[in-house]
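Below is one structure, written out as structure tokens; comments come after it.
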Amino acid sequence: MNYLFKNGRYMNEEGKIVATDLLVQDGKIAKVAENITADNAEVIDVNGKLIAPGLVDVHVHLREPGGEHKETIETGTLAAAKGGFTTICAMPNTRPVPDCREHMEDLQNRIKEKAHVNVLPYGAITVRQAGSEMTDFETLKELGAFAFTDDGVGVQDASMMLAAMKRAAKLNMAVVAHCEENTLINKGCVHEGKFSEKHGLNGIPSVCESVHIARDILLAEAADCHYHVCHVSTKGSVRVIRDAKRAGIKVTAEVTPHHLVLCEDDIPSADPNFKMNPPLRGKEDHAALIEGLLDGTIDMIATDHAPHTAEEKAQGIERAPFGITGFETAFPLLYTNLVKKGIITLEQLIQFLTEKPADTFGLEAGRLKEGRTADITIIDLEQEEEIDPTTFLSKGKNTPFAGWKCQGWPVMTIVGGKIAWQKESALV
């Protein structure tokens, strides 16, 4: 099916929001201009809505295989499509881990069979993510690994991390890191700060993250490797990443929507839906994340979509697993709480969710260019809705944002020229 989207707005190559039509033919973007006419195309009047590149998320957890009670590739990618994401990168903390040919081939077959959006799987750095034996990077790359990570755990052995970075550099691949120094975790369930002290909970200190990042940055410099930092959360982490970039070290970084919108002061009680890793930090950390995003220290926004069952989250904040869902709330949360409040511009938000992650990892995504695959998201910036977890397509309903009123909701997502998800009656 060919589509002609009429009367929309998009961000042009100069970074300005302008009026446009957009023609999709044979799965490709055929033309982006005003007043397009075309035969043999279904006309969809978007009536002033934003025509954006499909959103790109480099940090997601789809749970399959091994955790299908939390999420599946089918439910997770449907949720991604509903959130406007057309390309997502799946972390390897599944069971089994994609750490060898057999496991990666099985995962790729599942993706091919079940995914509603583009899914790029990470390969594990170490076998079973156990930290002691390196995987076969060459084989995993051959089978389509997006990059290498042991996300969910930090690689504790510096010699292992250095060897991994050297091998990844030879393959022109990135090493992506969840940064925690295990000896500093302190059996914590929240940030070590006012909230942990008030509620008598073990806290995870900020330095647990930043000291690990500092170590890895020096290793990346020695290996001449692209090193990407997951879900930055502390002022100290922002500082060391900024210093590394100024020194010319190949480091990039991401931040989550929840760390941009919340800090520990916003946790109303010992509610497990506010338990994520890294935890919500202090006000100074939150301010540093915003500053880092604006000055280029932090390159992109990634959801760290981490679904869990209601039963798992009901165990209490000390026993419940870390993580919140992110696909279906990311854009409206960020648009409402950052763009509408004048903290960043709409153009910047689009870049942080599209071209910045795509360019960082060399993906042909993130821009509406003629000849490119038609991965597109239509967003109604005027639509206001209350976040209702019962309507999520994800199996995970674990969110701290239930009841929040937000503007800027995706209403249609196109993947490879086909409609992957559409809000009922939104574009009739």
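Residue 1 is the first one shown; counting continues down the chain.
Quick reminder: no glycine exception, Cβ is built from N, Cα and C everywhere.
Taken from Swiss-Prot as is:
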BINDING   His59, His61, Asp151, Asp304  Zn(2+) 1 binding site
BINDING   His61, Leu62, Arg63, Asn93, Asn277, His308, Phe322, Gly323  substrate binding site
BINDING   Asp151, His178, His231  Zn(2+) 2 binding site
ACT_SITE  Asp304  active site
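Cα separation, His61 (Zn(2+) 1 binding site) to His178 (Zn(2+) 2 binding site), rounded: 13 Å. The binding-site residues near Asp304 (Zn(2+) 1 binding site), taking a 10 angstroms Cα-Cα threshold over the set Arg63, Asn93, His178, His231, Phe322, are His231. In the three-state DSSP assignment, the secondary structure recorded for His59 (Zn(2+) 1 binding site) is strand.
Secondary structure at Asn277 (substrate binding site), as computed by DSSP, is coil. Summary of the Zn(2+) 1 site environment: with the site residues His59, His61, Asp151, Asp304 set aside, the chain residues having Cβ atoms within 8 Å of the Cβ mean position are Val60, Met91, Gly152, His178, Cys230, His231, Ala302, Thr303, His305, Ala306.
When the neighbouring Cβ atoms lying within 10 Å are counted for each of the binding-site residues (His231, Asp304), the highest count belongs to Asp304. Comparing Phe322 (substrate binding site) with Asp151 (Zn(2+) 1 binding site), their Cα atoms are 13 Å apart once rounded.
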